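Novice: Below you'll find the structure I mean.
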Amino acid sequence: MTANTTTLGTAATAKSRVMPLLMAALLGVVIIGVSGFAHMEVVHNAGHDYRHSMAFPCH
Amino acid sequence: MSIFRNVVFVAAISGLLAGLVMTAMQVYATVPLILEAETFEGAGGGHHHGEAAAAGEAAPAEGEEAWGPADGIERNSYTALVSIVTGIGFALVLVAASEFAGGIANWRHGLIWGFAGFGVFTLAPGLGLPPELPAMPAADLVARQVWWIGTVIATAAGLALIAFRSSALFAVLGVALIVAPHIIGAPQPETHESPVPADLHHRFVVAVTVVNLIFWLVLGAAAGAVRSRFLGESGAQTSLA
């Protein structure tokens with residue numbers, strides 16, 4: 001939490017860390033969205049058992 | 001500059017590992033119950049998938065059958081693929097979020113982050129929308145997805161306020177955020193009457209909850225272990241950027 005905490009990028013300033021971290025999180029959200037929530041039938045069928053096993057809302 | 005790359009690196013390795021563990025647990029614990037429940041499809045509506053045809057709410061039947069993997073190895077292969085890809089997706093969110101709070105220091109610290117992920121992504125949405133089996137009645141898909149996503153965001157925000165803000169006011173606000181989705185209530189089907197036996201559903205709820213707990217603990221611990229090793233290898237410096 002403090003300035004000298006070990007992080008994956010302490011050399012960077014706090015401000016310049018925000019964007020790449022947000023981009024990484026966004027990438028993760030997009031991946032989860034497609035595989036877990038997309039209504040495309042083909043994606044749904046491929047990930048059907050996984051969606052049920054993760055308790056994602058399904059069909 | 002390379003923070004993004006480093007986060008992706010840590011997330012890819014930990015997500016791959018957790019996804020593989022998730023796959024094994026599914027094949028052993030949840031998929032058999034899903035297959036058993038599918039034998040009740042047709043008796044009480046619901047949807048079919050795979051070779052059976054696709055007539056779910058998501059895409060009303062139009063006489064066209066969408067592609068689906070054949071039962072057996074092909075179907076499990078796609079489950080593995082989706083598990084690993086989504087595992088990396090969850091890892092990206094977990095690692096990125098934890099970096100805002102100083103990063104996951106080691107595997108033990110990762111277990112705590114894993115518990116948080118389990119609470120946010122499994123426990124909280126699962127209270128209002130318990131894990132469902134094929135052939136079970138359910139409310140409108142989009143309404144459930146909206147509630148699910150809203151609950152995840154509110155729970156994550158609530159936990160963050162409690163964990164990373166020292167004032168009591170924020171703690172109260174955090175608890176309120178966690179409780180709010182359950183006061184609003186998840187969309188429920190008109191009737192809970194189901195062709196799926198209650199015993200089968202109960203076993204499924206337990207299996208999904210435990211499987212997800214282990215998934216998140218493995219993911220958190222792996223992220224912490226990979227990250228600390230990654231930082232350690234970069235020499236005396238504790239940073240990779």
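Placement of Cβ uses the backbone N, Cα and C atoms for every residue, glycine included.
Keep in mind that TrEMBL annotations are predicted by a computer and have not been checked by a curator.
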Novice: Which one of these stretches, B:10-29, B:110-129, shows up in TrEMBL as transmembrane segment?
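Specialist: When B:10-29, B:110-129 are checked in TrEMBL, transmembrane segment belongs to B:110-129.
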Novice: Could you give the residue numbers and ranges of same-chain residues that sit at least 6 residues beyond the transmembrane segment (B:110-129) on either side and whose C-beta is under 8 angstroms from one of its C-beta atoms?
Specialist: 90, 94, 98, 104, 144, 147-148, 151-152, 154-156, 159, 163, 178, 181-182, 185-186, 205, 208-209, 212-213, 216-225
Novice: At a C-beta cut-off of under 8 Å, are there same-chain residues at least 6 beyond the transmembrane segment (B:141-161) that contact it? List them, or none.
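Specialist: Distal contacts: 56-58, 97, 101, 116, 119-121, 124-125, 128-129, 170-171, 173-178, 180-182, 184, 186-187.
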Novice: I need to check the long-range neighbours of the transmembrane segment (B:168-184): which residues 6 or more away from its ends have a CB within less than 8 Å of a CB in the stretch?
Specialist: 124, 127-128, 147, 150-151, 154-155, 157-162
